[in-house]
Each structure stands twice: as structure tokens, then as C-alpha cells.
Amino acid sequence: MRRRISLLGSTGSIGRQTLDVAAACGFSVAALTAHRSGALLEEQARRFQPELAVCVDPAAAADLKVRLADTPVRVASGPEGLLEAAALPSADTVVTAVVGVAGLEPTLAAIRAGKRIALANKETLVCAGELVMDQAEAHGAEIVPVDSEHSAIFQCLQGCRDRGEVRRLILTASGGPFFGWSREALAGVTPAQALKHPNWSMGAKITVDSATLMNKGLEYIEAMRLYWMPPEKISIVVHRESIVHSLVEYCDNAVLAQLGAPDMRLPIQYALTWPERTPGPAQPLDLLNCPSLTFQAPDYDAFPCLGLALEAARTGGTATAVLNGANEAAVALFLEEKLSFPGIAERVGLALKRLPVVQKPSLEEILEADRAARALVTHL
Ligand code: NAD
Ligand code: MG
């Protein structure tokens, strides 16, 4: 098993864990990209010796160029640099570990170049899932999910010859740090509290999304797009322990689940090695020493983001891009302490109510819906 990886978002949580997997499995790295962090990107470039390193921020790229002047690594910048890394001829696989809608155009570039996409950047499928999946089919690009729930479903679907036999996909949700809290108690949540996740260590945006349960809403839409499933065939259960990563219920009532320690290196690795499995760095699961497994219904009243995402999923068209853009802007305001925790759902709800929906949108219409949602949320 050999892979040459272009890693978009190498300095983030998924990016760093991808490099752990690459080192353990002996995969080579063709390109590394980050938004700003020059020092970490320099360290990664020295260790993995890619042909290209990209800092989207031009000033950070200029600094990186100086840092890497004694190496053969070429440095590029801007969104063009990201697109170049996504379509680099020497890479066979692109790991999309950028956060937010910024990952959409590079993912499309990688698809057009026929790469395997190890997809962590769920916002891409939320905003433009139908377009992305259609393009992947047209260009023969494989999309293999990195998100742990979708990887679990992907694993449970191996050997399924007829998707008509699938009755239901069941996504598990950890419930986040505020599971069991009332609406009233949630009103005073601070960014520091929201950034403490019980089971996973992740980037700031997805950690807040996990606290509002918007993350599960985004994953619901991601599952619809990845597996061409209607909303009524997907359900969500809260599973506090994050051991059962998701399940597939078949028409004969068999339920298949994938279990594992909460360690993203396993789904990252599977996205790279599929259809093969190889030994890797992920933690093993010790059944005799793991907590009892529990399952509960989500609280839609205390966590309105989840209901808003399901509503956008049913509306379809640009509604999911509006949901995502509004959420990205609202989470940024919350992290800057300019918006309360319940304010995130309020602003996303307003954006969904006020902005028009275009069905079967073009890429330009999707990007326009994203821009309009951000502007509305930011200037309220
Ligand atoms: P992170 O914030 O830790 O890392 C994000 C990476 O993207 C960094 O390298 C950053 O430099 C880069 N980046 C940020 N903004 C950018 C921009 N505008 N243009 C180009 N690059 C940019 O985030 P993360 O937790 O690693 O998550 C990455 C993606 O993976 C997200 O879409 C998230 O939903 C998804 N995901 C993450 C996890 C997890 O465990 N962290 C699990 C499942 C899915
Ligand atoms: Mg997930």
C-alpha cells in the first residue's frame, strides 16, 4: 500500500493526526497547506519534505519562504496556492482537513484532477453536496469519509450489494459538554466552557459546533449527500461514550456498528488505505475496561441548532449553504465574545427564515448564499 498525499490544513487537529498516520504507514507527502501558522508548517515541511508548502495568508507565506530557503520545498500563497496543492500531479490522494467553506473549491479542484478525496471538511458536502458528489462521479474521483461517524457507516456498508437493503443510518452523537443542561443554563455558556469537549480534542469551530449540536446537524446533511439517503432514513442517538461511532440498520433488522476508541487516526487511516486495512497508530479498544454503552434521544429543545439543520436538510437547495455560512459567522462572533451561546441558533434561524432558497444551485449560487448568510449574521 503506497500513497502520496496532498494535505490541506496540515497544521490543524486532523492535519496533525494525518501526519501521524502518514509517518506510521510510510505514506509520502506531496503538499502541505495552512492558513497562517508558519513555524509549525516549517517543522512539518522539514520532516515530511513535500514538494510544495502553502500558506494562504501572503505575509505568513513570505515568512515561510525565508524559513525554508535552505530546502528544496517550493512555497506558494493565497487561495491559488491551495488550489495548486489540491490538484498537484504527483499526489494520488488529497486529505481535505481545512475548516469551513474555504475547503469547497480546493475539494472540487482535487475531484477534477481525479484524486482520492479523504474528506474531513464536512462543510463542503453541507454547502454543495449534490454538486460535489455529481462531479466526483463524473471524474471518477473516490470520496472516502474521514468524519468518524461517516467512516463507521462506510465500514458498515462494506459488502452491502444493494443500498435498497439499508433501512436506516444511525448517527451517534456524544452530546457535547452541555448534555443534560436546560435552555436557561445554556444562556450563560462562555467560549472557554464550550471549548472543552468530553471525548475529542478538535479545532475550535468544530468543538463549538459539537457543543451546540450543530455538528450533528451538519453530519446529518453530510450523510444524506455521501450515501444518497433521504432525511427520513437517517436518525441520531446520543451516545455519551463515543465508542460506537455509528450504525447501519438493514431491512432484516440486523444492525451493524463500528466500535473503536475515540481516536481520529483510525478513520483517517481507513480513508487512506481503503479497501485495505493495515496496522496503524490508533489506540486499541479494550472492551473489558471501557465504560458501559448508553443511548438516549437528543434534546431538540435545548439545542435548537440540530432542528435548524434538519429543517435546512429537508428544504434542500441553497438552504444548507445558508445554514453553514450563518453558523460559521455566528460561531466566529461567539468565540470573539460578541454573541451569546443561544445567539448562534437565533442568528442561524433568522438567516434561514430571511434568505431565499434556490433549488439545484450552481457553484456561484451556493457561494452567493454563503456570502449572504455571513453578511446577515454579522451585521444584525
Ligand atoms: P482546525 O481548526 O484544527 O484546523 C484547520 C486547518 O485548516 C488548519 O491547518 C488551518 O491553518 C487551516 N485553515 C483554516 N482556515 C483556512 C482557510 N480559510 N483557508 C485555508 N486553510 C485554512 O480544524 P480541525 O478540527 O482539524 O477540522 C478540520 C475539518 O475536519 C473541519 O471541517 C472539521 O469539521 C472536520 N472534522 C474534524 C474532526 C476532528 O476531530 N478535529 C473530526 C471530524 C471532522
Ligand atoms: Mg464526526
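The backbone N, Cα and C atoms fix where each Cβ goes, glycine too.
Residues or ranges marked as NADPH binding site in TrEMBL: Thr11, Gly12, Ser13, Ile14, Arg36, Asn121, Glu123, Gly203. If you draw a 10 Å sphere around the CB of Arg36 (NADPH binding site), it holds 15 other CB atoms from the protein chains shown. Annotation note: Arg36 (NADPH binding site) sits in a coil segment as assigned by DSSP.
Summarising the annotation, TrEMBL assigns 1-deoxy-D-xylulose 5-phosphate binding site to Lys122, Ser148, Glu149, Ser174, His197, Ser210, Asn215, Lys216, Glu219. Under 8 Å, Cβ to Cβ, and six or more positions away along its own chain, His197 (1-deoxy-D-xylulose 5-phosphate binding site) finds Ser174, Gly176, Pro177, Thr207, Ser210, Ala211.
Among the features that TrEMBL reports, Mn(2+) binding site is placed at Asp147, Glu149, Glu219. Taken residue by residue with DSSP, Glu219 (1-deoxy-D-xylulose 5-phosphate binding site) is part of a helix. Spatially close to Glu219 (1-deoxy-D-xylulose 5-phosphate binding site) yet at least six residues away along the chain are Lys122, Asp147, Glu149, His150, Leu171, judged by Cβ distances under 8 angstroms.
Residues or ranges marked as domain '1-deoxy-D-xylulose 5-phosphate reductoisomerase N-terminal' by TrEMBL: 5-129. When averaged over the domain '1-deoxy-D-xylulose 5-phosphate reductoisomerase N-terminal' (5-129), pLDDT in the model lands at 97.
What TrEMBL lists as domain '1-deoxy-D-xylulose 5-phosphate reductoisomerase C-terminal' is 143-227.
The domain 'DXP reductoisomerase C-terminal' feature in TrEMBL is assigned to 259-375.
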In terms of DSSP three-state secondary structure, what is the assignment for Glu149 (1-deoxy-D-xylulose 5-phosphate binding site)?
helix
Non-local Cβ contacts of Thr11 (NADPH binding site) (under 8 Å, 6 or more apart, same chain)?
Ala34, His35, Ser37, Leu40, Leu41, Gln44
Return the members of Ser13, Ile14, Asn121, His197, Gly203 (the binding-site residues) with CB less than 6 angstroms from at least one atom of ligand 2, or none.
none
Is any of Gly12, Asn121, His197, Gly203, Asn215, Glu219 (binding-site residues) within Cβ reach of ligand 1, i.e. under 6 A, and which?
Gly12, Asn121, Gly203
What are the non-local neighbours of Gly203 (NADPH binding site), defined as same-chain residues 6+ apart in sequence with CB under 8 A from its CB?
Gly12, Ser13, Ile14, Val99
